[in-house]
Amino acid sequence: MSDDIILEMRDITKTFPGVKALENVNLKVRRGDIHAICGENGAGKSTLMKVLSGVYPFGSYSGDIRYEGQQCHFNGIHDSEKRGIVIIHQELALVPMLSIAENMFLGNEQATNGIINWDKVRRRAAELLKKVGLREDPDTLITNIGTGKQQLVEIAKALAKDVRLLILDEPTASLSEKDSQSLLDLLVEFKAQGMTSIMISHKLNEIKRIADQITIIRDGQSIETMDKADITEDRIVTSMVGRSLENRYPHREPNIGETIFEVKNWSVHHPLHPERQIIKSVNLSVRKGEVVGIAGLMGAGRTEFAMSVFGRSYGTNITGDVLLHGKKADTSTVGKAVKAGLAYATEDRKVYGLNLIDHIKHNVTVANLPSVSSKLGVIDDNAELRAANEYRKKTNIRSSSVYQITGNLSGGNQQKVVLSKWLFANPDVLILDEPTRGIDVGAKYEIYTIINKLADEGKGILVISSEMPELLGICDRIYVLNEGRIVAEMKASEASQEKIMRAIVRGEEKAA
Amino acid sequence: MSTETAAPTVNSAKATAQDAIKANLREYGLVLALIAIMIFFQFTTSGVLFKPVNLTNLILQNSYIIVMALGMLLVIVAGHIDLSVGSVAGFIGAVAAVLMVDFGFNPFLAGLICICVGAVIGGVQGYFIAYMKIPSFIVTLAGMLVFKGLALWLLGGRSVGPFQPEFQMLSAGFIPDPIGPWTIGGVKLHATTIVIALLIVAGMLFAALKSRRNRESHGYDAEPFGFFVLKNAVMAGIVLFLLYMLASYRGLPNVLVVMGVLIAAFVFVTKRMTFGRRIYAMGGNVKAAALSGIHTERLTFYIFAIMGALAALAGLIFAARLNMATPKAGAGMELDVIAAVFIGGASALGGVGQVAGAVIGAFIMGVMNNGMSIMGINIDWQQVIKGLVLLGAVAFDLYNKKKA
């Protein structure tokens, strides 16, 4: 074991008014390692990284930071970047209407006396893009490339700053399986060149694959650091939640009835480029009490399919039929779709799911206000409060009351508010788009439990997820969607990750 | 996550007096600011501000701003802005003058036509904003120019007046006193006003008690009883005092009755009705609202139509007050209206704002205008001070929110 420590954080304690976010956290990172930091949401991982990068300036926390053998007193991101510590946040910090090259040198412009040397910018951008394996013209606007490529631009941007310690906050959270793989490969390649990385991640398989060491943080404390040889999924999970999770997916005895939801010959075109067909005559069905999964890569058209079915919220030139209980249903507006018994919980709860500046109660009832109002549209406060309390309990939302602002809740609890909203609308069929994205192991389990309970109550559930183990763990049946087409349908009991991947790859060959 | 597990409803049921004061300071900070400003001017104008005749004037002077602030609140909460309201008000005043003075229309019929025209104007602008997705700033900037021009054209550069006496009553009249004047302690009082004042206070107290019962029955923290009594006593006292002052002059102005009914209606709509709730949901996150089945486009359209109708009503009140329509009427009014709403705590990003706040914001502006005029401060400095107060109020509000 090499003892060349590039970074040591000792006894870091950081308090916010009323909350101790970090308490005596210790972190030692060896030079040239990929060091993973793992912990539940709200455990304090991001706070720790903010302390390291100077977002919380020296003096606002207690404890020591030694980097490259020197005591550090960072007073802002500028100070830490000067020393080669660069952090890439989960929410990418790119300006959509500027080009790749402009974004890469934002705040680090290649200029003399404030005049930008564009030749130098393009040349260096091209060099760096090559290094991260991104084949795009540096003049392409950020808005025109996908999330996976944007992530690579962020890394190239970090390289432009002579990064020696790269910190990535959940880098693969919004990437497809394929893009995630290439990103991880890239990190391994950087490691071979001697760069040190710290990676915050929820995804245990990724950590197992590339990390040399892993530090677990729970409730603002560092629990343990283990070496690659000792890393097992069970041990990580146990340390993270402080209890052993026997099974990551709750058991359910399926009780499946008649078909209640069918989509027939569903085709959708791109809203801005109507000649591009996004969904190509998709057929699928969901039965009563059944949990059905849609697997597929990012960009396969899963969200687009769901949103086009739900009130034509996406796309143009939509053709095909939606049947509920065997009868054609009008789902041409969101209102009509809700009335027909359909609900769609979005993959992006902050942008499409919640009013973050309002409290839980108003968010829960908003999709079904008429049920707590008189015919003239006067809201019955008591009925509304009762309903909000009922669903808060039902979905186990952890908050001081239903009057807590949803923007202050953790990701898992926000997701429960979104679920509550749609449960309150009392649908027969729920489409859940990435219901556990960005939430921790414990909250995931709770969400799965809710899904099971709903299936037991006789609802039909369609789950879209990028995490194949999740689909295999909770679904009865899985459709595989690729490039807008259903390329396979399988019983979950007969499915495996390999089988799903094979269906996708075969589908791609066919398309090519 | 574990930080949120703490404190379910049980131990928060007994809120301390300190918590209650803190929570209320944020809620009633504006009222206190208004009272402080009034007391300040009471001294600097050597007691003129609180004279019954001046208080009555204050209401008449600000009535049209408040009427428009009600609509503007909806517009701003929905995440939009309406720059055209001043021009629309001026244009409608011109329409009213042409109808009544030039064509001899009955005032009630003319008024009704005017309000409908206003709603149509608002609706057309709303159509461009809601369905064509043109930013409200641009659409209403265009509207501002268009209706300023149309008002000039309609009046041909002249001032048209005077109106029929019935129409003047909208701004200059007072409610009748069928109960007859009472003389108490040597002061002759408008009895009906006093009776109405008592009814309002009784209603306020009843509603406060009912809502407190309601909260308690659901286990939510009611503020300490002593504090509750004090707060409501102060509020009741303020209402009684102001209406007593009005009663000692000529009673309730007609326009105050119109305003009062409108304010009550807007408070009810925003607080209790699905229509209002959906505006807040839309302003908070328009995408989430649309995906929750709210017809965001239709809602936006209605909001601008309502704004147009209120701008028309304000135009009528303003014309009746001047007793003529002038080509310059309404110029710059939109700025006072928007300022009132922002001083009242609305967020420029949408989703946040209260009707009561907008009304108090309008009065804060109004009292400053009135007080500074009495003090003889030049109009140039009045503008400077008003601008600084707007900036200060919003900065203070944001600072408070950050701290909380």
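Each residue, glycine too, has its Cβ placed from N, Cα and C.
What TrEMBL says about this one:
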TRANSMEM  B:28-49  transmembrane segment
TRANSMEM  B:55-76  transmembrane segment
TRANSMEM  B:83-101  transmembrane segment
TRANSMEM  B:107-130  transmembrane segment
TRANSMEM  B:137-156  transmembrane segment
TRANSMEM  B:189-209  transmembrane segment
TRANSMEM  B:225-246  transmembrane segment
TRANSMEM  B:252-270  transmembrane segment
TRANSMEM  B:299-320  transmembrane segment
TRANSMEM  B:340-365  transmembrane segment
Query = Can we call the transmembrane segment (B:28-49) and the transmembrane segment (B:340-365) in contact, meaning three or more C-beta pairs below 8 angstroms at a sequence separation of 6+?
reply = yes
Message = Is it true that the transmembrane segment (B:137-156) and the transmembrane segment (B:225-246) have 3 or more CB pairs under 8 Å, sequence gap of 6 or more?
response = no
Query = To the transmembrane segment (B:107-130), which of B:83-101, B:189-209, B:225-246, B:252-270, B:299-320 is linked by the most Cβ pairs under 8 Å?
reply = B:299-320
Message = I'm a bit unsure how to read this: which one of B:83-101, B:189-209, B:225-246, B:299-320, B:340-365 has the highest number of Cβ pairs shorter than 8 Å with the transmembrane segment (B:252-270)?
response = B:340-365
Note = Most Cβ pairs under 8 Å to the transmembrane segment (B:225-246), of B:55-76, B:83-101, B:299-320, B:340-365, goes to B:55-76
Query = List, by number or range, the same-chain residues at least 6 past the transmembrane segment (B:189-209) whose CB is under 8 A from its CB atoms?
reply = 174-183, 228, 232, 235-236, 239-240, 243-244, 246-252
Key: For the transmembrane segment (B:55-76): best-contacting stretch of B:83-101, B:299-320, B:340-365, by Cβ pairs under 8 Å   = B:340-365
